[in-house]
Ligand SMILES: Nc1ncnc2c1ncn2[C@@H]1O[C@H](COP(=O)(O)OP(=O)(O)OP(=O)(O)O)[C@@H](O)[C@H]1O
């Protein structure tokens, strides 16, 4: 069964409540974590409170509004919420969500494509002109124009939107085309499952699925870095499809040449076709994107509010859209007028950090500590157990690679360590990243870099 977008984004929705309402871990684990989306019908989301009637009562009082707001902000649409207990549900409880691969085979309806991610809704600006043109060319002539098409750019800048647009376009022209959109993470997990099952049938099913496609779109390819058997399998998939003149579209957060520890044979293949980038949108494009969204959602919003968002939310289109969703959600729920004062109030948390996100060792320490469930003082202190030493070395490495701060000053911030200690720490992480089992450390570094600087 296909998951509803609310189910897909459920953990984001809960995490937004955690952040915006400053919910402690204890409360989060007690009240929010146990909530599960049972179904979404019309504009009603049925949520199962798995931990009993007292919890249901309390959540009704305390978390109903935050849930509504968070859903509206994330999805861009208002929903009513119905809380139920497991025993209230007659049908089989808890259908396991199929984190379905996005199989678009015969028909667009069944395909797990976002219906809104089409060329029609994509605003073309200076930041994405080339990527848009290349995507359209590929959609019009799959396997002929540029193969592979490699689209790269920072978080939330429209790579997935363009990939879905290609898929929609191809399917519209030829509904029986075999189009498959997956994230590289999904590809990896499916491969691992096939290998784990350990028999030839599952492996050959996997291969048949991926090699018998007209257009394969694989998102966020950077996540296969360091995963040897995934790279190996993807290499063969790539060759089979490319050899048969089938279209491959790949997205990544960086160009192939900057994808360290990507196998050379894959890197060179990624460079066979066309490489295009998407950068951050300029002011005019941001305005146009907001206007487009206003039009699609049927909103009517004052220029000054739109201008305020476009001026202040610069680096990430997801955040740009999220800001508008958030204002609309608040205005709806509080039945208030949409004006600049409301926008400033609602966006205060988004806009200030966006303006002053300067990367400092202190910020890095804070993010790394939070990631590893430690206190910043653990990292700057003297304890030497493994639980702390590794994160501390990660801090050293990230300070070195993400700031201009000298080794001496990194040492100072890290509790007065001398520069050779910092150098040793950096060497340690670099050795891991260059070693045979680099993937787990690389993954941690990638995640932390995104947390420290989401706009990169
Ligand atoms: N040019 C554009 N016109 C209209 N909407 C856009 C445009 N670019 C991005 N968006 C919207 O911004 C949001 C984020 O885009 P998308 O998910 O495609 O980003 P991404 O580059 O794939 O991000 P990530 O790196 O997180 O995977 C989407 O809702 C998308 O529709």
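Yeah, the Cβs are placed from backbone N, Cα and C, and that goes for glycine too.
Lifted from TrEMBL, the feature list:
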BINDING   156, 158, 159, 160  ATP binding site
DOMAIN    145-276  domain 'AAA+ ATPase'
DOMAIN    360-429  domain 'Chromosomal replication initiator DnaA C-terminal'
REGION    1-95  region 'Domain I, interacts with DnaA modulators'
REGION    332-456  region 'Domain IV, binds dsDNA'
Residues flanking the ATP site, with Cβ no more than 8 Å from the Cβ centroid of 156, 158, 159, 160 and excluding those residues themselves: 153, 155, 157, 161, 162, 251, 278, 317, 318
Tally of residues which DSSP labels helix, strand or coil - the domain 'Chromosomal replication initiator DnaA C-terminal' (360-429): 51 helix, 0 strand, 19 coil
Of 158, 159, 160 (the binding-site residues), the residue whose Cβ has the fewest other Cβ atoms within 10 Å: 160
Residue 158 (ATP binding site) in three-state DSSP notation: coil
Sequence-distant neighbours of residue 156 (ATP binding site) in its chain (C-beta under 8 A, six or more apart): 316, 317, 318, 319
